[in-house]
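Listed features, source Swiss-Prot:
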type	residues	note
ACT_SITE	E185	active site, proton donor
ACT_SITE	E256	active site, nucleophile
DOMAIN	689-775	domain 'SUEL-type lectin'
CARBOHYD	N257	N-linked glycosylation site
CARBOHYD	N266	N-linked glycosylation site
CARBOHYD	N277	N-linked glycosylation site
CARBOHYD	N358	N-linked glycosylation site
CARBOHYD	N602	N-linked glycosylation site
SIGNAL	1-17	signal peptide
Amino acid sequence: MRGGMAITAALVVVAAAAESRWAELGREITYDGRALVVSGARRMFFSGDMHYARSTPEMWPKLIAKAKNGGLDVIQTYVFWNVHEPIQGQYNFEGRYDLVKFIREIQAQGLYVSLRIGPFVEAEWKYGGFPFWLHDVPSITFRSDNEPFKQHMQNFVTKIVTMMKHEGLYYPQGGPIIISQIENEYQMIEPAFGASGPRYVRWAAAMAVGLQTGVPWMMCKQNDAPDPVINTCNGLICGETFVGPNSPNKPALWTENWTSRSNGQNNSAFSYPIYGNDTKLRAPEDIAFAVALFIARKKGSFVSYYMYHGGTNFGRFAASYVTTSYYDGAPLDEYDFKCVAFLVNFDQHNTPKVEFRNISLELAPKSISVLSDCRNVVFETAKVNAQHGSRTANAVQSLNDINNWKAFIEPVPQDLSKSTYTGNQLFEQLTTTKDETDYLWYIVSYKNRASDGNQIAHLYVKSLAHILHAFVNNEYVGSVHGSHDGPRNIVLNTHMSLKEGDNTISLLSVMVGSPDSGAYMERRTFGIQTVGIQQGQQPMHLLNNDLWGYQVGLFGEKDSIYTQEGTNSVRWMDINNLIYHPLTWYKTTFSTPPGNDAVTLNLTSMGKGEVWVNGESIGRYWVSFKAPSGQPSQSLYHIPRGFLTPKDNLLVLVEEMGGDPLQITVNTMSVTTVCGNVDEFSVPPLQSRGKVPKVRIWCQGGNRISSIEFASYGNPVGDCRSFRIGSCHAESSESVVKQSCIGRRGCSIPVMAAKFGGDPCPGIQKSLLVVADCR
């Protein structure tokens, strides 16, 4: 205990010394029990998470500008160790991994940065952000009071902090970084490490503070974060679940306000997109309620929407079963909460009338009304004036010309003597592949004697990988796959025909991402565990200890046949008479669609594999794994325009399960339908106080409003997804809206009776619902 107190005291001394030095420079950031204090002024911050490695440098300026226009003050990002140090001691800060360039772009647009260094990040990211070489460090135990781990963690954190200092990116230096994070959600696994857990927390905090960045440090979901490190909340409803700061001198910060929720029974669970599942986005009203409650109940002063821009898990960086498309949450406008009264109604069904300081108010179900100066309602969470838009994928190029496609059938390894490794045991997969490929071949020879009787046998394989494909004597015999929420092991039990004499069994074990969380992650095992053959009534013959050969990766991967140079290293065939079957590479070319709309591939006709454009992997696909809705978890795959050339773009896919490439289309994405729904008692934005509520709609990408699909001033039924005229309707609704909007990029229509020629139904609360098309 005394040792822990000494460390805490040392932290405070170091932090105080740093604050004194930075204060002399005229720029200082500290905190008190209410908020972060920037150059002497308390600030309330609204932040959005945006990961530089999940987009491209060409996209960053526009994404950041949209975040700023959406009302954000701060962009929050993780730092991904495994992209920056993929090989020990060899660093990469180029292209989409140029962290400094990303932060400078944020600064150029006048926003602040929350830098989550981790270096464990989870983030549904490969190996939780750790480089796999860390797994092979002798005697290492991740995220514990373990000297090998602490040394490597300190080296990387110091590398990042030193880089930020050298570039002058911390706020006291004139930069945008106002806060940093060390570790991430460690409390969830801390008990697994016993006494080592708290010691590690104290060490991590001391190490971070000792780097003297001049800005506060925080730990997410870490109630025992030592002073001066701030403990923060991650979750859906931090206004209800957060225990609060562990010191009266620390502010309440919400570092992850999740913008999607679980489809299951646990309403407070985070739901990120995984293969085989549907994802449920949160309604803006629900997010607004949660934010207002956090501010009212916990005195919150920092909220970050996770995610504000989701982006793409390029290449193989998605964690286990996580889709290539990382989700986008709906951003909310910023509201200047200089309010002193929050009236909360937790009832989800009733609208009570309340008296507050001689003011009579109705509180909508599950809502919070924010009163400025305890008198004027400036914000109601049940009435979020957010525009809704519907994205449309427009097929602009069909890749259905059979003459433009070529195929290469991936060879199934048959010869043990040509294996990468051999051994009389079943190897663990990630240790063998170093997580540099999803694929590991297990090859064994089985001698079948005539005396064994029936040539039809059963092949039994149990595996801790995610997918298994089995071949016997070069013939495909079956596959099996798991799921994110299912049992860890998968089992293949299938018939096979054996010939007399030697038979070659080739098993392709496939990982769909590596783990990203959990205690003792370095000890997790994957790959095939048991292989057996049963013939007739004979006992199962286990092959676990036979001589096995191993081939790491696919042949096409080794030769990089997805690149312009590598594509010439194999003999491609026409697909005129090709019967689609597992493990086939396909290639073609396509032209870049004109314009600036986002470009995607529609891979609905395919099965499972990976796709490259001009040598750049745009990620794994798995459209054959349907969600409960019956639809693929993801069918459209984003191609950043920065990956493209004007024409002759090389498209290469490796298909594991079959699929028809002739049905693939190149699409552009655009918001073709926009909608606004505001009632006459909605609170206008603070900057418009005193004015009447308005429906505001606008088209993106230079498009203009071409038609009005629906307009009703009265009591329209439904919302932006489903709507019809109600019992009260102004006949002039459509003509008024058309006159205000047609041919324009955007328009605003006051929600007031005079605009529509008078009150169509006195005594009834009215709203205006408008649905418009953009072209």
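Glycine is no exception: its Cβ is also placed from the backbone N, Cα and C atoms.
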**Complete:** Rounded Cα distance in angstrom between the residue listed as 'active site, nucleophile' and the residue listed as 'active site, proton donor' is 11
**Prompt:** In angstrom units, rounded to an integer, how far apart are the Cα atoms of N277 (N-linked glycosylation site) and N602 (N-linked glycosylation site)?
**Reply:** 19
**Prompt:** Between E185, E256, which of the active-site residues has the fewest other CB atoms within 10 angstroms in the structure shown?
**Reply:** E185
**Asked** Taking the Cβ of N277 (N-linked glycosylation site) as the centre, how many other Cβ atoms fall within a 10 Å radius?
**Response** 22
**Request:** Would you pick out, from the glycosylation sites N257, N602, the residue whose Cβ has the largest number of other Cβ atoms within 10 Å?
**Result:** N257
**Fill in**
Checked against DSSP, the composition of the domain 'SUEL-type lectin' (689-775) is 13 helix, 33 strand, 41 coil
**Prompt:** Could you give the Cα-Cα distance between N257 (N-linked glycosylation site) and N602 (N-linked glycosylation site), in whole Å?
**Reply:** 31
**Message:** Give me the CA-CA distance between the residue listed as 'active site, proton donor' and N602 (N-linked glycosylation site), in Å, as a whole number.
**Reply:** 36
